[in-house]
Structure formats: C-alpha cells, structure tokens
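Colleague: My questions will all concern the structure given below.
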Amino acid sequence: MTTSSTTLNYTNVRDIWYTMIGIPGLEYAHIWISIPICSMYIVAIAGNALLLFLIITERSLHEPMYLFLSMLALADIFLSTVTTPKMLAIFWFRAGGISFASCVSQMFFLHFIFVAESAILLAMAFDRYVAICYPLRYTTILTTSVIIKMGIAAVIRSFFICFPLIFLVYRLTYCGKSTIRHSYCEHMGIARLACDSIKVNIYYGVIVALFSTCLDVVLIIVSYALILCAVFRIPSRDAQLKALGTCGSHVCVILMFYTPAFFSFFAHRFGGHSIPLHVHILLANLYVVVPPSVNPIIYGVKTKQIQERVIQVFSLGK
C-alpha cells in the first residue's frame, strides 16, 4: 500500500513541488548578487516603458524602425518580468518553492518570448536592409499593415515552436528529484529531473534552435552582408558612415541578445563539467536582465529623435 502511494506521488505531476536554489555554490552571495540584478530590472522596466511611451505619443516616431523597436521594448519587459521577480524572491527570502504547473508555465513563457524576440530582431534587420538598399520604396514596402502582420507572424511562430515543450515535459515520469539548481525554470532544467529518457527533449531543443534562432541569425547575417555591399557602393564617405550609423544600435542589441543565449544553450547541452555550474547559472541570470536594461540605453544614446523626445518630455516636467 505504501509503495503504490509513493509511486503515485512520484508520477502525478500535479503533486510535484520543486525548490529552486538560485546559484549553486554562491548562496552566501545571493544578497550581493541581487543588488545589480534588481537595479537592472528596474532600469529595464522603466527604460522600456519610457521607450514605449515616447513611440506611442510622438507621431514623428511612427515609422517602421520605431514600431519594431516598440515590439522589442515590450518583449524585453516580458522577458525580464517572467523570471526576475521569482529570482529576487529566492535571493532575498529563500522562497524557491514552485509547483510543477507554475514551473512549466514559466518555462513556456521564457522560451516563447525568447523566440519571438529573435524574430523581432530579424524583422529589424530586414527594416535596415530595405531602408538602405531601397530607400525610395521604404515606406511603401514597410507599411503599418505589413509591420503589424510581421509582429503577429513572430508571435504565432513562437507559439507553435514552444507549445510542444509543454507536452514534452508532461509526458516524462518524475521520481523524487525536487531540487532545481537554477533561479528559474527552463526546458532542459525540468527534463533532467525526470527518471526516463529525455532524448526526444534534447533532439527537439536542438532542432528548434537550428530552425528558429540559428535560422534567424543566418538571415540577419545575410541582411547585413547585403547592406554592406550596398553601403560600399555609395560614392560619398560621409553617406557611407551615416548609413552604417543607422545600423549601429541594432548590431549592438543583436550581440547583447544572441551571445549569452548561445553560450547558455551550448554550455547546458555540451559543456559537461568544463564550465562550473555557478558560472553558467550566473550568466543565465544576467542574460534575462542585461539585454532588456541595456537596449533602451543603446537606442537612447544612438538615436537622435529619441534623445530629442526624452529631453522634451523631461523639460515639460519642469
């Protein structure tokens, strides 16, 4: 009787509760680590909310580039909010308890937002390609209707890619492991707690990475290769620098987004013991707050129209 009851507890996912321990090996430093993470989270929310406000309220910013930027700002708010509040609760109050259903929900929204944001960055690369290679047709190609359809397509694609992850973790049998050595729930972190084979999960994760995120990166590289070819055909050096300057912000954001993401992906699957776990988890924690907090700063510093609108808003406040 006792054995069957125990088996039921192990296999019934509705009864499973996990404990997330934050950054393994650095528990003593959680309070100190939480200070920059909390600061960056506040900057991410305030900066991206301000960016959204400026783009919505200023008609001169209702251009394709800024409409895509508003999508990026919204995605950054969601990306940091899905993970950071729980992360800070672990660091401050050791409140690492989470139900299986809540953990799977966090996993889904984390991956969903990541894939959607990758598609938005691809759309922004296409925007720069059209602006530089076909400047006279820019506003006729990228109409508001087309931009909205691209945004909807990014969301739909992300949903269909990430929704199967829910079934992949629910199909597994769980038998007693209740500690998640991380600060938030993600697909492979949950799958590794199962006691049966997770090969399907691994294969699907790799396939998704190759045919969504990696494909996005390849298309972004192709876009910028075509942009560079077009720029170097411009006879005026000043015009060349001006054209490249419009891409600078986007390139910085791309590097900030993809570099830690690919490091985390490959370290989790192929890193083995070569990368200390606390280094991997710390970088994964920073990944969900650093790009969202830095993106509005990058665009604020490098985009004259946004600078002028910020100055105007704050001068009116005085």
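Backbone N, Cα and C atoms are what each Cβ position is placed from, and that goes for glycine too.
TrEMBL does not curate its annotations; it predicts them automatically.
Just so it is clear, the model here is predicted, and its values are computed rather than measured.
TrEMBL feature annotations, pasted as is:
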{"type": "TRANSMEM", "residues": "29-54", "note": "transmembrane segment"}
{"type": "DOMAIN", "residues": "47-299", "note": "domain 'G-protein coupled receptors family 1 profile'"}
{"type": "TRANSMEM", "residues": "66-93", "note": "transmembrane segment"}
{"type": "TRANSMEM", "residues": "105-126", "note": "transmembrane segment"}
{"type": "TRANSMEM", "residues": "146-170", "note": "transmembrane segment"}
{"type": "TRANSMEM", "residues": "202-231", "note": "transmembrane segment"}
{"type": "TRANSMEM", "residues": "243-267", "note": "transmembrane segment"}
{"type": "TRANSMEM", "residues": "279-301", "note": "transmembrane segment"}
Colleague: Check the transmembrane segment (279-301) against each of 29-54, 66-93, 146-170, 202-231 and return whichever range has the most CB pairs under 8 Å.
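Modeller: By the under-8 Å Cβ criterion, the transmembrane segment (279-301) pairs most with 29-54.
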Colleague: I'm a bit unsure how to read this: which one of 29-54, 66-93, 146-170, 202-231 has the highest number of Cβ pairs shorter than 8 Å with the transmembrane segment (243-267)?
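Modeller: When the Cβ pairs under 8 Å are tallied, 202-231 comes out ahead.
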Colleague: Take every residue in the domain 'G-protein coupled receptors family 1 profile' (47-299), average their pLDDT values, and give the whole-number result.
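Modeller: Its mean pLDDT is 92.
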Colleague: Against which stretches of its own chain does the transmembrane segment (146-170) lie, if we need a Cβ under 8 Å and a gap of at least six residues from its ends?
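Modeller: For the transmembrane segment (146-170), the nonlocal Cβ contacts are 13, 64, 67-68, 71, 104, 107-108, 111-113, 115-116, 119-120, 123, 187, 190-191, 194, 200-201, 204, 208, 212.
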